[in-house]
Amino acid sequence: MSKAAGCRGFLHHVFDYETAKTLVIPHFGVGIVFRFTQLLVVLYVVGYVCVVQKGYQETDSVISTVTTKVKGFAYTNTSDMDPRMWDVADYVIPPQGDSSFFILTNLVVTPEQTQSHCPELPNPSTVCKDDCDCIEGYNDPRRNGIRTGLCENFSTTVKTCEVFSWCPLEVDTRLPKKALLAAAENFTVLIKNSITYPKFNFHGRNILPHVNSSYLAHCEFNRLTDPDCPIFRLKRIISEAEADFQEMAVKGGILGILIDWSCDLDWWAGKCLPKYSFRRLDSQNQDNDVAPGYNFRFAKFYKRADGVEERTLIKAYGIRFEVIVFGTVSDSESGCNWVMLTCMRKRDLYTKEKVTYLVESPDSEPVSMGTTYGTQ
Amino acid sequence: MSKAAGCRGFLHHVFDYETAKTLVIPHFGVGIVFRFTQLLVVLYVVGYVCVVQKGYQETDSVISTVTTKVKGFAYTNTSDMDPRMWDVADYVIPPQGDSSFFILTNLVVTPEQTQSHCPELPNPSTVCKDDCDCIEGYNDPRRNGIRTGLCENFSTTVKTCEVFSWCPLEVDTRLPKKALLAAAENFTVLIKNSITYPKFNFHGRNILPHVNSSYLAHCEFNRLTDPDCPIFRLKRIISEAEADFQEMAVKGGILGILIDWSCDLDWWAGKCLPKYSFRRLDSQNQDNDVAPGYNFRFAKFYKRADGVEERTLIKAYGIRFEVIVFGTVSDSESGCNWVMLTCMRKRDLYTKEKVTYLVESPDSEPVSMGTTYGTQ
Amino acid sequence: MSKAAGCRGFLHHVFDYETAKTLVIPHFGVGIVFRFTQLLVVLYVVGYVCVVQKGYQETDSVISTVTTKVKGFAYTNTSDMDPRMWDVADYVIPPQGDSSFFILTNLVVTPEQTQSHCPELPNPSTVCKDDCDCIEGYNDPRRNGIRTGLCENFSTTVKTCEVFSWCPLEVDTRLPKKALLAAAENFTVLIKNSITYPKFNFHGRNILPHVNSSYLAHCEFNRLTDPDCPIFRLKRIISEAEADFQEMAVKGGILGILIDWSCDLDWWAGKCLPKYSFRRLDSQNQDNDVAPGYNFRFAKFYKRADGVEERTLIKAYGIRFEVIVFGTVSDSESGCNWVMLTCMRKRDLYTKEKVTYLVESPDSEPVSMGTTYGTQ
């Protein structure tokens with residue numbers, strides 16, 4: 001074979017058009033089934049791909065809003081503090097009732113701090129013998145202030161370098177072993193959650209249509225007896241998350257209140273109800289439990305009659321609750337599968353007609369074809 | 001047929017290889033079209049699946065940041081309160097200018113509360129005749145404090161159990177019928193929003209390139225005349241959400257400011273502009289409007305000259321604005337469809353060549369089949 | 001051909017059943033490969049579609065929680081203010097240690113404001129010659145209060161209209177050119193981040209198992225030497241975002257701390273580690289830099305001995321840090337591709353056997369078939 005011919009053959013091969021062979025069966029019953037199946041596929045494409053798939057993308061822009069309102073008060077009467085009644089304006093921080101709120105359960109209070117001088121807390125790097133050990137102006141970011149250069153009595157036995165800071169310094173080792181606001185376990189929180197799937201124009205609310213004001217005034221969430229009540233007792237929430245309120249209240253923690261709005265909008269929308277679950281979000285029970293709990297410091301500022309600014313520093317331990325709303329709309333995959341199965345069934349039905357056996361002797365061949373259509 | 005033969009037949013069947021028969025058409029023109037279509041498919045796979053699909057996933061990690069700054073002040077002069085000028089530091093809570101901010105429009109103030117004793121608010125469960133009706137230490141979480149065991153005069157006509165609490169107690173039924181800060185409807189808010197689609201390295205900002213400082217100093221958003229101005233008058237926002245400011249200001253509510261950054265990065269990126277819309281997020285106008293509005297309590301703490309802690313409790317009603325930024329990048333499905341359609345057209349073009357008609361008379365038949373297998 | 005016959009022909013055409021012809025090759029070796037490939041496809045469908053795809057959807061509901069704790073203090077001693085030590089309760093706003101926190105770096109303080117009268121700041125619209133220029137009760141929302149109708153001396157040279165407002169008025173042009181809390185660059189922030197992919201039951205934490213308390217007490221994040229330390233020095237964060245701390249501290253800004261938890265759960269989950277990156281989120285360095293930086297106003301409220309409410313207004317400039325956690329689980333597409341390629345390879349392997357050449361002369365035909373199987 002010449003080179004030119006080989007090349008021409010190659011080109012022929014490159015530009016050959018290859019397509020599957022098909023068999024047309026002019027049988028009315030079979031044809032009806034075939035066209036009906038095609039119709040189903042078209043309906044599937046139009047219905048599923050155009051309507052549902054488009055809908056599926058929209059779920060990304062679900063709009064949710066949450067407000068929370070805590071109720072309850074606690075009375076404390078310890079040796080450190082005067083008797084005191086704590087209400088929401090004292091223990092809910094910040095007060096706005098957002099989807100994330102913090103409930104104070106334990107605290108270290110350092111009252112009457114002013115900008116002044118005081119000896120540092122004892123520590124290998126702050127203990128001193130005389131003023132020479134304390135360099136004026138030195139500041140260690142892990143300590144509490146700027147050194148004045150003096151060595152002062154911290155207690156009758158220990159001398160430490162004096163610093164300029166908010167004095168007296170906080171001694172946060174005096175954290176109560178039992179949470180001060182142990183009574184917080186009986187506080188309740190009303191959660192109002194409205195959601196919208198904007199392009200579906202679907203609106204949902206966790207206060208269900210059948211819930212009225214008088215029910216709301218007395219109900220309390222219980223997975224078995226009151227699953228629709230949007231008022232939650234803190235103790236119950238935390239036990240559902242498999243944690244212990246009193247243990248969590250001492251050092252603080254973070255708890256997730258999950259509201260799942262996943263539902264199938266193809267069916268009766270009234271069935272689209274919120275499902276609550278609870279989960280402790282800060283890591284605990286781990287082998288490596290460094291930096292456990294949750295706390296932060298804040299201050300209340302006062303001005304004395306003489307114009308000096310004074311503050312009460314509070315190291316607040318407590319539980320941060322985070323209401324997390326999520327949900328995707330069901331994508332009707334069951335419908336899809338049904339169509340698929342139908343197509344599959346068709347294939348099985350006509351498998352015989354479709355296959356042609358290649359056998360040793362050419363004459364024994366087209367058995368199936370012969371028996372089915374060849375003798376028409 | 002022997003059992004062994006049957007088994008062998010079954011095995012034959014199990015390990016038969018079944019494949020579609022194809023027809024090769026060595027026609028240059030048809031081949032060119034065929035290969036060109038294949039090229040399109042390859043380009044489609046490389047371009048669409050690798051570039052765009054990957055991009056589509058990235059939209060999940062769109063990074064957005066919002067800052068808000070409210071301007072305006074209100075003057076109030078009611079019988080309950082001294083004349084007072086309210087500015088941003090008074091009515092924006094919290095003050096940080098986050099994507100969610102609250103504007104105080106109505107309030108119940110309870111000044112000079114201290115930890116002390118006072119009679120409960122009258123209520124079937126708190127009214128008493130003598131001290132025997134008031135059990136010391138009893139506390140009802142739906143009431144306001146711990147009972148001292150005394151029955152005191154609440155008014156000249158009613159006696160109630162005395163409680164230890166922040167006294168005097170708040171009487172929140174005295175909410176003004178007309179919002180105290182009705183003037184808030186003329187406050188304006190500047191919204192600064194920067195977004196990034198990180199992997200596309202696309203940066204967007206709602207302060208558009210053509211907006212300069214002098215325009216920004218005087219403009220105000222108007223869908224028709226100033227659609228690019230990022231300064232919004234509260235009244236307009238709320239009327240665009242089909243709500244009424246004055247009605248909403250009395251009991252409070254939640255309003256969503258939606259910024260849609262959906263755009264097609266395949267085309268000129270300069271066309272990627274924010275679209276604003278507004279939507280009331282708390283449920284209203286429902287048949288079952290329990291627990292309507294939005295309010296929360298907070299306190300300002302003071303210290304008296306004698307060292308006693310005193311607070312002003314404020315039950316704040318107002319409108320929480322939530323700036324919600326969303327957007328997905330167009331995934332070029334139109335391009336995909338075009339390739340698909342091209343493939344479809346090809347099929348139609350060569351349908352004739354692909355099908356083989358099975359007809360009544362075997363002789364008129366199998367042109368293609370005959371040439372292929374009939375003469376073996 | 002009669003009309004009836006044409007119609008019948010058309011109906012025949014409509015209800016013909018068209019299906020691909022297939023060839024069955026009864027070869028044991030080929031069959032084994034074929035069935036094995038089918039098995040792979042089934043495994044792929046079960047393993048990939050059912051397990052991974054389902055998993056892929058779950059990533060939308062990744063649950064993340066972040067707490068932050070800033071450490072460090074700054075000492076200021078300027079002519080405007082008394083010497084002062086700033087600690088976390090002074091400069092972290094809000095104090096809760098959320099995923100978004102603000103660190104005060106510069107400020108304009110206006111102390112001892114009370115509800116009273118004072119002349120407006122000089123401005124073309126506020127300067128006056130006598131009382132006739134000042135209409136009583138007029139209020140311009142872009143100015144500071146309600147006019148009393150008097151024209152007063154603002155300074156020895158300028159007279160302005162008097163307003164009722166929080167007086168004295170803030171003069172925010174006195175912003176320090178060098179950030180007051182320049183020392184904030186050495187503050188550190190500990191970020192604790194726990195994540196959960198709920199349906200995978202995968203929990204992750206950015207404090208890695210090998211990190212112990214003593215390491216945490218001294219470490220500092222460094223991309224090269226300490227990539228696992230969750231304590232970040234502010235200066236380093238900002239330089240990694242290609243910004244300058246001192247320049248940013250003057251007018252404020254917004255900085256994103258991105259934690260990427262994308263990982264492949266198919267493989268050893270221990271390899272699922274957080275990746276940190278940093279990005280400045282407010283727009284800067286743009287040609288059109290209107291309304292730059294980040295600031296907000298807040299007030300501390302005091303009560304004088306005579307019962308008058310007084311406030312210290314603070315215009316706070318600083319850096320808002322936003323911890324943004326994201327991540328999607330790898331969807332095993334590499335595995336998918338491998339199966340696909342295997343299927344493809346199979347196709348190539350048997351391409352010869354599958355195709356039938358349509359050629360001019362029927363006799364020159366079924367070369368491939370004959371040579372491969374026909375002579376068995």
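Cβ atoms here come from the backbone N, Cα and C positions, even for glycine.
Database features, via TrEMBL:
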type: BINDING; residues: B:Lys69, B:Val70, B:Lys71, B:Thr188, B:Asn295, B:Phe296, B:Arg297, B:Lys315; note: ATP binding site
type: DISULFID; residues: B:Cys118-B:Cys167; note: disulfide bond
type: DISULFID; residues: B:Cys128-B:Cys151; note: disulfide bond
type: DISULFID; residues: B:Cys134-B:Cys161; note: disulfide bond
type: DISULFID; residues: B:Cys219-B:Cys229; note: disulfide bond
type: DISULFID; residues: B:Cys263-B:Cys272; note: disulfide bond
type: CARBOHYD; residues: B:Asn186; note: N-linked glycosylation site
With neighbours defined as other CB atoms within 10 A, the best-packed of the disulfide-bonded residues B:Cys151, B:Cys161, B:Cys167 is B:Cys161
Are there any residues in the same chain, six or more apart in sequence, whose C-beta is under 8 angstroms from the C-beta of B:Lys315 (ATP binding site), and if so which? B:Leu107, B:Val108, B:Thr110, B:Glu170, B:Asp172, B:Leu175, B:Asn295, B:Phe296, B:Arg297
Site extent for ATP (largest Cα pair distance over B:Lys69, B:Val70, B:Lys71, B:Thr188, B:Asn295, B:Phe296, B:Arg297, B:Lys315, Å): 25
Going by DSSP, give the three-state secondary structure for B:Cys272 (disulfide bond). coil
Cα-Cα, whole number of Å: B:Cys118 (disulfide bond) versus B:Lys71 (ATP binding site)? 41
Say you check the Cα of B:Cys263 (disulfide bond) against those of the disulfide-bonded residues B:Cys161, B:Cys219, B:Cys229; which is nearest? B:Cys229
DSSP state at B:Asn186 (N-linked glycosylation site), helix/strand/coil: helix
Which recorded positions from the set B:Cys134, B:Cys161, B:Thr188, B:Cys219 come within 10 angstroms of B:Cys151 (disulfide bond), judged by C-alpha positions? B:Cys134, B:Cys161
Report, in whole Å, the straight Cα-to-Cα distance of B:Lys69 (ATP binding site) from B:Cys219 (disulfide bond). 15
Could you state the whole-number distance in Å separating the C-alpha atoms of B:Asn186 (N-linked glycosylation site) and B:Lys69 (ATP binding site)? 14
Binding-site residues compared (B:Lys69, B:Lys71, B:Arg297) - the one with the fewest other Cβ atoms within 10 Å: B:Lys71
Within reach of chain A, those recorded positions of B:Val70, B:Asn186, B:Cys229, B:Cys272, B:Phe296, CB-CB under 8 Å: B:Phe296
How long is the line from the C-alpha of B:Cys134 (disulfide bond) to the C-alpha of B:Val70 (ATP binding site), rounded to the nearest angstrom? 49
The correct subset of the binding-site residues B:Lys69, B:Thr188, B:Asn295 with a Cβ closer than 8 Å to some chain C Cβ is B:Lys69, B:Thr188
Quick one: of the disulfide-bonded residues B:Cys128, B:Cys161, B:Cys167, B:Cys229, B:Cys272, which has its CA closest to the CA of B:Lys71 (ATP binding site)? B:Cys229
C-alpha spacing of B:Cys161 (disulfide bond) relative to B:Cys229 (disulfide bond), in angstrom: 58
Provide the three-state secondary structure of B:Phe296 (ATP binding site) computed with DSSP. strand
